[in-house]
């Protein structure tokens, strides 16, 4: 608020901007020097606390800004209905692609978005395409899951285009291990194995993402 008599001969309102700026720089140190030491410490503590809260808020926002909007419960139900039939076709029960992958369990929060995007691409571009299913009921369930994955994939691709889904080397290494495991098996056997372990990926999504319902 501008008041007359704040400066000799002229009001604060009539001073040029450069002069007002100069007076502000002069006055602030003088006023701060008159503040008691205890009050200074309190002000500094409050400032530090406010800064920490702001940084934490920004960090949490950064980790949660790429939300997966889909009906995860529906996907899990669809998989549970075909899980036994899929796993019964697995001719390599002692081999795993996802289920014992320790790398997936220690993914850092910054890499969650990228790893999720990469695994969605893995299932859409390789597993679902390589799988050949003669049973119409199972095929319908797999197709439903594939469509849900495509929807999630589109969401995370948009995040990546907006530079909100960073892919670091750790994320690339984790998904490369999964592809290497897949390549060690014959194509059809690898597809069956990966479908049978789909619950591992779904559980990982639920654990690491803030999932919102699309319904």
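Cβ coordinates come from backbone N, Cα and C, glycine included.
Listed in TrEMBL:
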DISULFID  66-159  disulfide bond
DISULFID  113-165  disulfide bond
DISULFID  114-167  disulfide bond
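Taking Cα separation as the measure, residue 167 (disulfide bond) is nearest to 113 of the disulfide-bonded residues 66, 113, 159. When the disulfide-bonded residues 66, 159, 165 are ranked by how far their Cα is from the Cα of residue 114 (disulfide bond), 165 comes first. Residue 114 (disulfide bond) has a Cβ environment of 23 other Cβ atoms inside 10 Å. Ranking the disulfide-bonded residues 113, 167 by the number of CB atoms within 10 A of their own CB puts 113 at the top.
Note on residue 165 (disulfide bond): other Cβ atoms within 10 Å of its Cβ, all shown chains, come to 21.
Residue 113 (disulfide bond) is 7 Å away from residue 66 (disulfide bond) when you measure Cα to Cα. Taking the disulfide-bonded residues 66, 159 in turn and counting surrounding C-beta atoms within 10 angstroms, the largest count is reached at 66.
Annotated pair residue 113 (disulfide bond) and residue 159 (disulfide bond), C-alpha to C-alpha distance, rounded: 9 Å.
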